[in-house]
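Right, one structure below, let's go through it.
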Amino acid sequence: MADTDHYITAGIIYYCQEKYHQHVQNLAREGLKKYSNDPVLQFFKIYGMLMEDRVQDAIRRLEPIKDDPTVVLCSTMALIYAHKRSERVDREAVADLENKLKETRKSAGPKALYYAGMFLWLMGRTDKAREYIDRMLKISNRSREGLVLRGWLDLSSEKESTVNKSIRYFEEGIQDNKDIFALIGKAQYFMAHQNYSGALDVINQIIVNYPPFLPALTLKMRLFLAQQDWDQTLETAQRILLKDGANIDAFQILTIHSVTREGSTEKALNYLRELINALDAAEPRNPMLHLHKILPISSLCGRNQPILKQVSVVIGRIFQTAPHAEVATALANNFILQGNVTEAAGWYATAMKLDGNHLEGLTGVIQCQILQGQLEEAEQQLDFLHEIQESIGGTKELCYIQALLASRQGKEEQIITELLKKAVELHYAAVRGLPLGVEYFEKLNPTFLINIVQEYLVLCPKQPKAPGEPLSPLLKQALSILTPVVSVAPALTEPLYYTAQIKYLAGNLEGAQGSLQRCIEVDTACADFHLLMAQIHYAQGKFAECSVSLETGVSHNFKVRERPLYHLIRARVLRKTGELQEAIKTLKMTMSLQEMKRGALKKSTWGSLNSSDKVSIYLELAELLRLNGEQHEATKIIQDAINEFGGTPEEIRIVVANADMAVAKGDVEMALNVLRDIAPNQPYYTEVKQKMAQIYLNNRKDKKLYIGCYRELCEQQPGPHTSVLLGDALMNIQEPEKALEVYNEALHKNPQDASLANRIGQALIKTHQYKKAVNYYEAAQKISGQDFLCCDLAELLIKLKQYSKAEAVLKQALAHEPVSDLTSMVTDAKCLGLLGTTYQNYKKEESADILNKALELQQRILKRVPMEQPEMAPAQKQATSEICVQLAEHYVDQRNYEQAANYYKEAMVYSQDSKVKLQLSRLYLMMGDLDSCENHCSALLENHSFKEEAAMMMADVMFRKQDYTKSIELFDQILEENPDNFAVLSKLIDLLRRSGNLSKAPMFFEKALANSSRTTLEPGYNYCKGLYCWYLGQPNDGLKYFNKARKDSEWGQNAISNMVQICLNPDNEIVGGEVFEAPDEADGLLGEKRESEMLGVRTAEKLLKEFHPRTLNGRNQLALLQNHCLMATKDKANVETALSAFTEMATSEKDNVCAILAVAQAYMILRQTPRARNQLKRLSKVPWSLADAEDLEKSWLLLADVYIKLGKYDIATELLKRCLLYNKSCYKAYEYLGFIMENEQSYKDAAANYRLAWDYSNQSNPAVGFRLAFNYLKDKKYVDAIDICHKVLKAHPTYPKIEREILAKAQTSLKP
């Protein structure tokens, strides 16, 4: 039986629902080939004919099957329906059939009841169908197919509670994954509840089990569209066309995509023709299906003439086949869009003749009368229509034409805006809750919304909002009307153009430019786009770009030069470029144009001149004449403007311009007198008071009168808006406490205003009331529910280091179902980014996952932004770049440099931020990729903001490449410009030491001293001097200078750290080293030296009490130094305590060089050399970096010491050469090399190395002098040996050992 063939029955029922009557017949015929004479298939084949109005044919074919037990009820119902649709109704036959139906129903079986219920459901009689199916379920012991149909009946209900019950029937009725009809029902239930993933799973089950079942792919295509995933929607459409090259739904979707997303008229026309051909081929007798498939395209294409003409031809053809009022009205609507009001009026009249109660036809007639200026006739018709509508309620069309008529009759603004507002509410009520799809697009009707926006713009300010000026609520309303349209149809130029115009008037120039740029991309030839772009460029101060836009507009349409607006913009540009004469000439010529004459103004249409622009031309000319010294002529033009516009809302602008001219002449009092005459009930009163306030503040420097203007404004026009203006004014003059009081009063008047709540939060932060700010944000967020307040609160909590609270706030904001609207996605991405920041300080191990989620979401946003909200693109690219930087920084902390570099590179794809380039350069330096670092630094040297840091990094690169001259030159260039840049000088001193050129340092100190007489008092200068003395082997002088810097917030921490190191190791010995350990010190320090060292430890401990780190790195440094103090005591217990602390540090941070070195030093002091060696071997494999340079050098020297003690001179030599590679002044390395050569009895080489050690230690270490003199003695250079002995004894008279063992012998050897 066919009813067990899920493929055929589900397909037939699907096409019945979609009203694809020919498809139903075709599928039934296909089934009859397999199941010949099947009554169910025969019935559905006849049903398809009946729906095509082939009534007599259907009656004739129903007669043979009307008594079949399976289809007896549905066939009888179909016959009744067919007879009633006949031209001549056979009432006797109908009565007989109705009696038969009553009798048959009493004894009908489950199958008959099932198909009767199915027929009633398909005919739209759901409640009656429910009676039949409930009875069927009762007598069939709840058959599965009955349960499924019962689920469909509930799913078709308009009551949400009933729809929610449907899933229960589907779940109970689904026998297996082969019941396609049940699975489609379940998928549709999921779609109705926006559970798209659940719906997709079900649809995929059908596709897997029944690959040829085309409706499943169609549903999948609609499902992707509901998710706004156009890529997958188009891909699925193409899959459908591969299986069915004339698929109606696929071509409809492709046409809609071409119109709404691509803006390609050519592609849209091609797909539209394919759609028409598919309809003609697949559904030739289905005119109303043709209409309903074409109408969404007609609704979406706006005023695209080629598409409208094609649609008109199709609808005209449909009318010939089906002359219904609905078709006539659709054709009339199409002619309205084409601007052919006369033709439209004729078709609306035709619709009224066909159906006298056709309301859309009547409203269309009235609209045409208004557009043709027949206002009295329109008013009479509207009164009649209004009486009819009172019984059934208002419609959006009625509200709109009422507003249109009120506007043309010059009625009050409030009446017009109330009607427009109601029209918009009724319009969007029809689409609310609908998923994105064909029905949504048809009901969205962008052109209707544009008509409403045009009426709003007539009432809106005509000049862009000045900074600080309140935004007109009408502009807000107009923008909110268009936002959903631009979001789903970003290639429709008319909504984009008006969106750009609104944003321009609202002062959002970047947003306006983004929207308009999209318009130009879609249609480069529209001159109006270029004119508005010129206005935007002018407002941005981009005068060259403004001129280009004007000329581009002219190149596309030469008639642009006949528009006064073109000349106004051009004159303004000429004024800015100083060409006053040319600008005056341009505007004088403009005054003679037709549009500038009285009565020439038009209603707001594309590119038309409004009264505001006309006034602007007068005022611009007056200002130009004044600037050109033609004061009398300027006054005359102002007077002409007053004569023409006196008594209009624009008069106040002329008065304000008059006041500006007075201020420019220095007559402030006259300007104020002119402005004082403006009464509170006049237009622009708020702007006038703000102008007065600015004069008081800027010209009179009187803050009291400045605030007085805003207080008067609040008294005359009390409300939240004026209170906010007063609060902002108080903030402007640095009185946040008073501003807080005003903001709070305003919030009481308007508790739902989230922006006001944000102002209060910012004011609390400005007054350092952080706790109050947190409490306030928390309370405000609960009241308003605004997510951006969550972000503000989280940012504040992060600043206050209250990370757990920040996490809780952000998690709460993110605790919702996945969102698809762009605004919510942007908010979620921001919340995820902030959560990642929180975790970087709080739960480092989780931060990467969260930031990757944020990045993934940002990338989805970036795919949609260019089409939906192009003005957001720069900000969203920047946000994406910042998340990449956060991830890079995370991986730098983890020392995963390759991954970090990848994220920095990705960040630079989204934003060419030099700061990111600098961070990447720094990373390349850490990685040892010197060439990449050099390439990036070279580019950064051209950027003044980053030149200094780039030069320092480049110097580091040059140093590592052993190009010391170039390295020093780079630092020298910076210091030439700023000799007192001590941050650079400190790095240069280190570089000079490492390159063996420390002797050049004094000249830089001299330059700094010459720059200012106060240089010696500068902490930075003293720090640099301390560093120089320390490196020079003068620890006491170093301490003295560091001491002068230790109280400074910038230099103090490093100064104290260096002082502690000097106190603990004044002679710069190798801690833990044994090679140069004196025999008498083998068992510990004794006597005076011991006491001296303990004094150093105590001094270091005292200094550390002043060490107050603010960062985690600073706290780690403090812990390290404290334990170094313990280790310096050489007491076993203390050393073991220090070792434990060092080990813990090294374990928590596996690559912490200074901690690992300290562990090795502690082991050496405890005589656990093998363990020390293991740690030092680890460090020998660490790549050199400037940050770890000192500790790596110490580790290599200590490891060399170990190997020397073991007699492994080759390995030790390699380590020592590595030290000298990165520090030419490392005298300890030379000392060790001298020791190795001496032990190998190569006294000449030993003397050469000791000589370098002696020179680089500034000839201050007597032990090194002793070894040098000894090797000179051995090499028989007696004079040199004697010379060194004298130098040592002069500096250290208490060093008799050298006199006894070397000097005497050398002198004896010289004697003949």
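Using the three backbone atoms N, Cα and C, a Cβ is placed for every residue, glycine included.
If you check Swiss-Prot, you get these features:
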- 365-392: coiled coil (COILED)
- 4-38: repeat 'TPR 1' (REPEAT)
- 110-143: repeat 'TPR 2' (REPEAT)
- 182-213: repeat 'TPR 4' (REPEAT)
- 214-247: repeat 'TPR 5' (REPEAT)
- 493-526: repeat 'TPR 7' (REPEAT)
- 528-560: repeat 'TPR 8' (REPEAT)
- 755-787: repeat 'TPR 12' (REPEAT)
- 916-947: repeat 'TPR 16' (REPEAT)
- 948-981: repeat 'TPR 17' (REPEAT)
- 983-1015: repeat 'TPR 18' (REPEAT)
- 1019-1052: repeat 'TPR 19' (REPEAT)
- 1228-1260: repeat 'TPR 21' (REPEAT)
Notebook entry, point to check: When you scan the chain for residues with a C-beta under 8 Å from the repeat 'TPR 8' (528-560), skipping those not six or more beyond its ends, what do you find?
Noted result: 464, 493, 497, 500-501, 504, 509, 512-513, 516-517, 519-520, 566, 569-570, 572-573, 576-577, 606-607
Next item on the list: Quickly jot the same-chain residues contacting the repeat 'TPR 17' (948-981) by Cβ under 8 Å, restricted to those at least six beyond its ends, or write none.
Entry: 918, 921-922, 925, 930, 933-934, 937-938, 940-941, 987-988, 991-992, 994-997, 1000, 1004, 1007-1008, 1010-1012, 1015, 1018, 1020-1021, 1184, 1186, 1222
Check: Of the listed stretches (182-213, 214-247, 916-947), which one yields the highest count of Cβ-Cβ distances below 8 Å with the repeat 'TPR 1' (4-38)?
Finding: 182-213
Item checked: Model confidence over the repeat 'TPR 7' (493-526) (mean pLDDT, whole number) -> 89
Item checked: Tally of residues which DSSP labels helix, strand or coil - the repeat 'TPR 4' (182-213) -> 25 helix, 0 strand, 7 coil
